[in-house]
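Positions annotated as disulfide bond by Swiss-Prot, on the basis of similarity to another entry: C6-C90, C179-C184, C247-C271, C248-C296, C264-C269. The active site, nucleophile annotation in Swiss-Prot covers S140 and is backed by similarity to another entry. Annotated active site, charge relay system per Swiss-Prot: D168, H232, in sequence order.
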Amino acid sequence: GILPECKLVPEEISFVLSTRENRDGVYLTLQKLKNGKMFKNSDLSSKKVPFLIHGFISSATNKNYADMTRALLDKDDIMVISIDWRDGACSNEFALLKFIGYPKAVENTRAVGKYIADFSKILIQKYKVLLENIRLIGHSLGAQIAGFAGKEFQRFKLGKYPEIIGLDPAGPSFKKKDCPERICETDAHYVQILHTSSNLGTERTLGTVDFYINDGSNQPGCTYIIGETCSHTRAVKYLTECIRRECCLIGVPQSKNPQPVSKCTRNECVCVGLNAKEYPKKGSFYVPVEAKAPFCNNNGKII
């Protein structure tokens, strides 16, 4: 038929595995990993393993994820796993049909979440990766997938993921849903959400901390015509800059808005990014932002 299939075969989901030794990454499937000698003599117990999960009509090779992978590897000797579920995300469909496929892509998110939960279980049980070293980072539908992975993983009774970072979690089809059917603060010990678009994302609070960047909509520097898509993907770029630069974006508690960032202390404000959970404050934060990369609002201040 004419309708897009956006067909997802879990066994065919692939991923790009990148390390400092192999920055360009190796394309693998879970089957190859299980049968391969890849980690035969590697001790992975000290390795941090972030999973990156792309969104609708995207893929693991998208420049934004490649940039984030590079930033993560520059910072730390880790193993980055970028999940590629492009078929299920309608990325290979005919241009005009891609968008009609959205409900199908939404349907596929649970299966991808289950795949990631199974994958992390294998890493922990077979390759001795420590649960405390796993972190999920997902954008748009990928953020919803991270939530489903968190729910699935808890069924194994091995504990909870330490952290999920949801980058502008997809709003359409999820806005009115309750916890079991969307990303939720109980999906990991710490769930960090960046809100950057009110139409493609959601204004609803979802995590342990919710950062509303520029009030969570219409990002500066995004022009009117492609504004929504630009604002939506900005969440990925913001996190990449926060990986590159410590305390690049500082969040002010919503209750204190419009307090300037310069008045922030470590006890009341929180830095967006990999160290957010080191700060005591939880809840909703307002994050002013610049229009151009590196977007930082801290003027060199580190709290």
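Each Cβ is built from the backbone N, Cα and C atoms, and glycine gets one as well.
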C264 (disulfide bond) - helix vs strand vs coil (DSSP):
coil
List the same-chain residues at least 6 positions away in sequence whose Cβ sits under 8 Å from the Cβ of D168 (active site, charge relay system), in sequence order, or say none.
H139, S140, A143, L194, H195, T196, S197, L200, G201, S231, H232, R234, A235
Tell me whether H232 (active site, charge relay system) sits in a helix, a strand or coil according to DSSP.
helix
C247 (disulfide bond): nearby disulfide-bonded residues from C6, C179, C264, C269, Cα cut-off 10 Å:
none
Tell me the Cα distance separating C179 (disulfide bond) from C271 (disulfide bond), rounded to the nearest angstrom.
26
Ranking the disulfide-bonded residues C90, C179, C247, C248, C264 by other Cβ atoms within 10 Å, which is at the bottom?
C179
Give the helix, strand or coil assignment DSSP yields for C179 (disulfide bond).
helix
Candidate nearest C269 (disulfide bond) in space, where candidates are the disulfide-bonded residues C6, C179, C296 and distance is Cα-Cα:
C296
Among S140, C184, C296, the recorded positions in question, whose Cβ has the most other Cβ atoms within 10 Å in this structure?
S140
C271 (disulfide bond): tally of other CB atoms within 10 A of its CB:
24
Same chain, 6+ residues apart, C-beta under 8 Å of the C-beta of C6 (disulfide bond), given in sequence order:
D87, G88, A89, C90, E93, G101, K104, A105, N108
